[in-house]
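Working notes for the structure below.
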């Protein structure tokens with residue numbers, strides 16, 4: 001009978017399936033002998049908590065997971081401290097900057113110097129006045145002869161001598177060639193740091209030609225030791241003045257090409273205008289000099305205000321900026337190169353004949369021809385290069401308008417043949433002290449533009 005009932009049930013299911021639109025309903029067979037038991041709800045809830053028998057202390061406990069989502073915490077944002085250099089290619093030497101950044105904004109910029117310190121001022125105290133001269137080539141190793149000129153003027157002031165006119169004109173001539181060397185390096189490496197490579201390659205070819213002038217007049221491409229106390233070491237070789245004239249005539253065309261690339265370039269203007277602004281008051285308070293001072297609108301040039309050698313006999317203009325930003329300083333350097341070409345042309349036209357050293361055997365060595373015939377000349381030569389010449393006791397501060405600014409030498413003599421003290425005032429030292437002020441509030445990438453516009457060389461900063 002049971003099998004018959006099951007068979008009838010399956011027939012009913014088949015009929016429901018075959019009927020269109022009919023849903024399948026399986027018959028529910030209640031289990032025999034099973035009685036469902038429903039407990040008391042309150043009694044059952046005591047087993048649903050975190051503990052089986054909760055007390056007052058454990059009643060608020062929750063079953064796991066206790067913390068599906070961490071509660072939000074107070075976010076603490078700290079400024080990042082970043083080391084810029086001393087291996088950075090845009091550091092222009094061994095500059096190390098400890099910078100505090102808020103995102104990419106510079107909040108603090110602390111320069112750390114001294115990584116190129118060689119004890120130059122102390123070493124000079126153990127050398128004669130002539131032996132100390134090559135140390136000045138290694139200070140600002142981009143504008144070599146200007147450093148020599150400052151030291152030579154200081155020694156000549158203590159000795160109370162004045163070099164011959166031809167020597168002074170040669171000094172001014174090569175001082176302006178050195179200014180061209182420095183400004184080419186400053187402008188093109190500044191552009192290279194900001195991504196413009198072409199000016200660097202174009203103008204370094206011209207720089208090599210000026211190194212050739214150095215080599216022809218002194219035998220060395222960079223560290224010349226050419227300008228010495230009492231005059232210059234050698235006279236100009238034949239044909240050199242003609243070559244310098246030809247170079248200066250063509251170099252103005254190179255400057256035109258430089259300005260075509262940069263002056264109205266949209267990217268260059270965006271990266272330099274209103275970047276690193278220094279007001280005239282701030283420039284004076286920080287002790288800026290040179291282009292860093294003139295770019296802020298102060299017309300101060302030692303070649304005009306306190307002329308040395310024959311700068312009072314040449315005509316040139318002093319370019320001055322108005323905004324005090326990186327762009328104004330770039331324009332000042334380009335215009336200074338044009339004014340240097342004017343001075344070079346005047347030096348070539350006004351170059352007088354005559355001696356190139358002071359006519360005093362106690363200071364300048366005698367000529368080779370005299371040494372072969374005169375015993376006194378041989379003795380003077382020997383004593384000059386072994387003991388050196390005695391400088392009367394006294395002290396002097398002598399400053400010149402170097403390409404980077406006011407380069408000063410404070411020289412103290414005790415009457416011996418060696419300096420008692422030689423303090424060197426480097427323009428880049430004061431400029432680097434203003435880096436924090438100039439870069440505060442700018443982006444990290446703008447710090448590179450500010451370092452480039454300061455024209456820093458660490459030979460003179462660290463000494």
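Glycine too: its Cβ is placed from the backbone N, Cα and C atoms.
What Swiss-Prot says about this protein:
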- 326, 332, 347: [4Fe-4S] cluster binding site (BINDING)
- 62: N6-acetyllysine (MOD_RES)
- 118: symmetric dimethylarginine (MOD_RES)
- 1-33: transit peptide (TRANSIT)
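Distribution of Swiss-Prot features across the structure.
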residue : record                        : Cβ neighbours (10 Å)
118     : symmetric dimethylarginine    : 13
326     : [4Fe-4S] cluster binding site : 27
332     : [4Fe-4S] cluster binding site : 21
347     : [4Fe-4S] cluster binding site : 25
Three-state secondary structure, which DSSP defines for residue 118 (symmetric dimethylarginine): coil
Rounded Cα-Cα span from the residue listed as 'symmetric dimethylarginine' to residue 332 ([4Fe-4S] cluster binding site), Å: 32
Rounded distance in angstrom between the Cα atoms of residue 347 ([4Fe-4S] cluster binding site) and the residue listed as 'symmetric dimethylarginine': 36
Rounded Cα separation (Å) that holds between residue 118 (symmetric dimethylarginine) and residue 326 ([4Fe-4S] cluster binding site): 31
